[in-house]
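J.: Have a look at this one.
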Amino acid sequence: MIDRYKHQQLRIGSVSPQQISAWAKKILPNGETVGEVTKPYTFHYKTNKPEKDGLFCERIFGPIKSGICACGNYRVIGNQKEGPKFCEQCGVEFVDSRIRRYQMGYIRLACPVTHVWYLKRLPSYIANLLDKPLKELEGLVYCDFSFARPIAKKPTFLRLRGSFEYEIQSWKYSIPLFFTTQGFDTFRSREISTGAGAIREQLADLDLRILIDYSVVEWKELGEEGLTGNEWEDRKIGRRKDFLVRRMELAKHFIRTNIEPEWMVLCLLPVLPPELRPIIQIDGGKLMSSDINELYRRVIYRNNTLTDLLTTSRSTPGELVMCQEKLVQEAVDTLLDNGIRGQPMRDGHNKVYKSFSDVIEGKEGRFRETLLGKRVDYSGRSVIVVGPSLSLHRCGLPREIAIELFQTFVIRGLIRQHLAPNIGVAKSKIREKGPIVWEILQEVMRGHPVLLNRAPTLHRLGIQAFQPILVEGRAICLHPLVCKGFNADFDGDQMAVHVPLSLEAQAEARLLMFSHMNLLSPAIGDPISVPTQDMLIGLYVLTSGNRRGICANRYNPWNRKSYQNERIDDNNYKSTREPFFCNSYDAIGAYRQKRINLDSPLWLRWQLEQCVIASREAPIEVHYESSGTYHEIYGHYLIVRSLKKKILCIYIRTTVGHISLYREIEEAIQGFFRAYSYDTQSYGI
């Protein structure tokens, strides 16, 4: 369906019998109305043609071959000059055969049938709305017992019987003793109700708004009573309050979606289009049929039997009619959800039939496999590995995947640059993988985003757009900060890559789906591009440093022998176990030359205008120099003062890991301010 904003959407829910009839019924040009499936047959065994009014009837679902009717006559589709649009002999329209993929039929049920999803699945919607135990409703649906239908204030047999006797045999066995068959039918239609028809009557009598009001009043009364002190009673009250909340939410949903409760009981059963439940001929002339066809046949057989009992055979006992209604209910249950009531129905080879629920649910169902996760062209799949040097909005595509995804664009580039006269020559050049091919591929990729998806796609951040670049190897490179949105890690996870082809898809990818535009969680608003897992471990190792404190220094005589190999003679820093550096570049250079370790403590000269937060007011130790200057040593910094106590310089105690992290953060902040100043100048702010 299409909403008012012209967005295609799919909504699953209950529909009215009138809507089912509108889907399936169609009026032929001669005024005849078709759409009802009345026969359980598929194809005639001699002619191999669909049976009339059967499950594959061409009058109902359309022709098997476009423009050819059941008689074999041919008409050009859409040509008004060649005569009528349908065959007057067989009643088949001359239309495209693709109509058999969406044209539905229907079965008119001889008795109402409850939809098993709303009755048996938990929570049971029917039981919640009627506020009755599920076992009681099941007994009513499957004709195990009946209930009295109130008829104003007129005297009825049931009222009279209730006035004289209270304990007597069940209605099912006592009532037929007083009436003949004809009398029983009259009595039954007047005073008692059973089966799904009884459920339908109760649902039709519900006023959802009054139901909500009563539920609110009862919920408030239970809340005002408070705790009773009895644990069992308190639990019972809590369960009742939870039930009332569920009941109100369900009623509000029915009101909001304009769904009537009685629609949960079926009077018309939709029949799927034949192309969605095909019969295929395999080698040897054997036929393979969808299980849905066999389940439909079972429903039609039992429904036709019940129709005959109700219309033609007037001498049929009432018990037999009730039994046949139960069989129809069970057949529809098996069609919708095989095995929901116990043992599933099996074929002659002891194989369980696949019902409608089995066809649509699960990973291999219609939705997840065909509609949501269907295989498409211009897509690939590979393992993801970390790409720490990538930008946040970039991903690395292996050459093997990239050349296949963008092959058509590369072919167009080769032809436009007159490097290939036609498509065949261009493909041969691509197979040769010359340098010009990679140059054109890189040029194409610069202007074309790709979409990365990791299953299962549970929220919108499961699919994000990236700017691709070529990488070596056969794995997709991904920035580690985007892993949380995908719920991915680098232990063998696979991701699919798709190429948006249309201009609308490319614009949507650039404006809405790029990874650097999805930094916050759409659900709770918290940052989602945050370091996780390996990055946190790396940052910890980078900034952990040496656990030795300032007191474990070279003045300890027991440590001098252990750290003699760490003495460094250089003009830039003193000859000590913990060297001094004038700037961060010298410290990182010494680390690259393997003079110090990543976690080795060192003293780095700090700018005087930058504040140093003191952890202790009094210095731990003071060193005096012959020149008159002295060093005040604190826990994490050192101050060099003159004779007049003027601060000459400050050193902080740190590691190469801390310096590297600080420089990365500083560069990121400076880049942000440069980008911000550029934007303000561009917009004249």
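Just so you know, glycine gets a Cβ as well, placed from its N, Cα and C.
Remember, it's a predicted structure, so these values are computed and weren't measured experimentally.
As listed in Swiss-Prot for this protein:
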BINDING   C69, C71, C87, C90  Zn(2+) binding site
BINDING   D489, D491, D493  Mg(2+) binding site
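Context for these features, please: burial, neighbours, distances.
T.: Of all Cβ atoms in the shown protein chains, 13 besides its own fall within 10 Å of the Cβ of C71 (Zn(2+) binding site).
Under DSSP, D493 (Mg(2+) binding site) is assigned to coil, being neither helix nor strand in the three-state scheme.
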J.: If the Mg(2+) site is taken as the center of the Cβ atoms of D489, D491, D493, which further residues of that chain fall within 8 Å of it by their Cβ?
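T.: Counting only non-site residues, the set is I384, A488, F490, G492.
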J.: Residues other than C69, C71, C87, C90 within 8 Å, Cβ to Cβ centroid, of the Zn(2+) site?
T.: A70, G72, N73, F86, E88, Q89, G91, V92
J.: Closest of the binding-site residues to D493 (Mg(2+) binding site), Cα to Cα, picking from C69, C71, C87, C90?
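T.: Out of the listed candidates, the nearest Cα belongs to C69.
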J.: Compute the C-alpha separation of C69 (Zn(2+) binding site) from D489 (Mg(2+) binding site), stating it in Å without decimals.
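T.: Pair distance, Cα basis, whole Å: 58 Å.
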J.: Between the Cα atoms of D489 (Mg(2+) binding site) and C90 (Zn(2+) binding site), what distance do you get, rounded to the nearest Å?
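T.: Between the alpha carbons of D489 (Mg(2+) binding site) and C90 (Zn(2+) binding site) there are 62 Å.
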J.: Could you check the binding-site residues D491, D493 and say which one's CB has the most other CB atoms within 10 Å?
T.: D493
J.: Between C90 (Zn(2+) binding site) and D491 (Mg(2+) binding site), how far is it from one CA atom to the other, in Å?
T.: 63
